Amino acid sequence: MAELRALVAVKRVIDFAVKIRVKPDRTGVVMDGVKHSMNPFCEIAVEEAVRLKEKKLVKEVIAVSCGPAQCQETIRTALAMGADRGIHVEVPAAEAHHLGPLQVARVLAKLAQKEKVDLVLLGKQAIDDDCNQTGQMTAGFLDWPQGTFASQVTLEGDKVKVEREIDGGLETLRLKLPAVVTADLRLNEPRYATLPNIMKAKKKKIEVIKAGDLGVDLTSKLSVVSVEDPPQRVAGVKVETTEDLVAKLREIGRI
C-alpha cells in the first residue's frame with residue numbers, strides 16, 4: 001500500500017464561458033452575481049492526483065483552496081472527483097481579490113510542511129490572471145524540485161518522472177520526492193463528478209483555517225493601477241489587387 005500523500009491546490013475563478021465585465025471604476029472585474037467554477041488547470045491537477053490514488057500509488061489526496069467562503073464549493077467539487085478531504089484557508093472577500101501567487105505559494109508551502117505531503121500538484125496557471133507563478137514559488141519556498149507544464153506524470157518509487165512539452169519537442173525530468181508538479185492541458189481529461197459522488201462529497205471533511213494559523217501574512221506587495229477592456233478591433237478593408245493594397249498602405253502612412 002502506498003504511503004505517499006498529495007496536496008492539490010484548487011482555485012475558484014469566473015467560469016470560462018462568462019463574458020468578463022470591467023468595473024466602472026476600473027479597479028477590477030465584476031465578480032458579484034457571476035458564475036464561478038474550478039480553474040480548468042486545477043481540475044486537471046485533481047484528476048491526476050485521483051488517478052495516482054486509484055493506482056494505489058498515493059494514499060491520500062488533500063484539496064486546498066484560499067479565498068472567501070464560496071471556495072468551499074470548489075473544494076467540494078474536488079472531493080466529488082475523488083479527493084479525500086479538503087482544507088479551506090479562509091480569506092474575506094474584500095481581501096481575496098488582492099491574493100497573488102506569492103501569498104498563495106506561502107500558504108501552500110506551509111500546508112505542505114504541516115501535512116507532511118510528498119507531492120504538491122496544481123494547475124500550471126489560472127485562467128483569470130494567467131500568472132503561471134504559484135507552482136514555481138511554492139517549490140522555491142519549500143526548496144523542492146519542480147516539474148512544470150507536465151503532460152505526463154509517473155511515480156517511480158521515491159521519484160516522479162515528469163514529461164513536459166517544450167518548443168523543440170518533449171523534455172523528460174526525473175525529480176526526487178518530495179516535489180512540486182504543475183499540470184498542463186494535455187496531462188489528462190478530467191472526469192465529471194457523478195451524482196452519487198457529489199452526495200458523498202457532502203460528508204467529507206473540510207477543515208477551515210486562517211492564513212494567520214500558518215504564520216502567513218497575506219499583505220500584497222502589488223497594487224492594481226487599472227483594469228481596462230481590450231481596445232475594440234477596427235474593421236478591416238478589402239482590396240482587390242496588389243496595387244490597391246500598396247495604395248491603401250501609403251494612404252494610411254504604413255509605407
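The backbone N, Cα and C atoms fix where each Cβ goes, glycine too.
The range from 114-136, 183-205, 229-251 that Swiss-Prot describes as region 'Recognition loop' is residues 183-205. In this view, Lys238 (N6-acetyllysine) is surrounded by 6 other Cβ atoms within 10 Å of its Cβ, with every protein chain counted. The Cα of Ala126 (AMP binding site) lies closest to that of Ser226, out of the modified residues Lys200, Lys210, Ser226, Lys238, Lys248.
Closest to Lys203 (N6,N6,N6-trimethyllysine) in space, going by CA atoms and restricting to the recorded positions Ala9, Gly123, Asp129, Ser223, is Ala9. Taking the Cβ of Asp129 (AMP binding site) as reference, residues of its chain lying under 8 Å away and at least six apart in sequence are, in sequence order, Gly100, Pro101. When the binding-site residues Ala9, Phe41, Gly123, Asn132 are ranked by how far their Cα is from the Cα of Ser223 (phosphoserine), Asn132 comes first.
Secondary structure of the region 'Recognition loop' (183-205) per DSSP (helix as H, G, I; strand as E, B; remaining residues coil): 10 helix, 1 strand, 12 coil.
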